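See below for the structure under consideration.
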Amino acid sequence: MKSVRVPLFLQQAVMRTLRQKLTHASHFLQQRFPEPHITYQQRGTIAGSARLQDWEIRLNPVLLIENQQVFIDEVIPHELAHLLVYHQFGQVDPHGKEWRFIMETIFAVPANRTHPFPVHSVRSKTFTYYCRCQQHELTIRQHNKVLRGKNCYVCRQCGEKLTLLEST
Ligand SMILES: [Zn+2]
Ligand SMILES: [Zn+2]
């Protein structure tokens, strides 16, 4: 899969927001926290994820580039709060009262569980094939195997080989 390059100004904006939220948390909880490691490897329709043991936040580079500061303001506190909850309370309900407390009281942001960003550009694409009796959705991986002649798929219902439905 080709990797997406996040422009430097966005990476800097990420770090600015991260450090600012971390400072709020340190003041509020009277404790120092190590700076989480940020990576841009989150795939699919997920905006970000927190890897608790690794003290790492993974961000979706495509959704970050598309939504910029709005993304940062939404996702950084959300994922950082997951890390802090884990640090302070261990394995508890991920979006439970501890997480809501950090979001609302310490970070002063709404405790949204899901992100509001449009996902059409990151939704995985499928390829439509057909046989005598129905249409079938093949993944990119399956489709590539067909293209390379490595595999052909047969309908379980009618036994016919699947043919790509060409878009018109
Ligand atoms: Zn979450
Ligand atoms: Zn069929």
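Glycine is treated like the rest: Cβ placed from N, Cα and C.
Listed features, source TrEMBL:
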- 16-165: domain 'SprT-like' (DOMAIN)
- HIS78, HIS82: Zn(2+) binding site (BINDING)
- GLU79: active site (ACT_SITE)
Among the binding-site residues HIS78, HIS82, whose Cβ has the fewest other Cβ atoms within 10 Å?
HIS82
Give me the non-local Cβ neighbours of GLU79 (active site): same chain, 6+ apart in sequence, Cβ-Cβ under 8 Å, ordered along the sequence.
GLY48, SER49, ALA50, ILE57, LEU59
Per-state residue totals over the domain 'SprT-like' (16-165) - DSSP helix, strand, coil:
61 helix, 25 strand, 64 coil
Taking only the residues in the domain 'SprT-like' (16-165), give me the average pLDDT of this model.
92
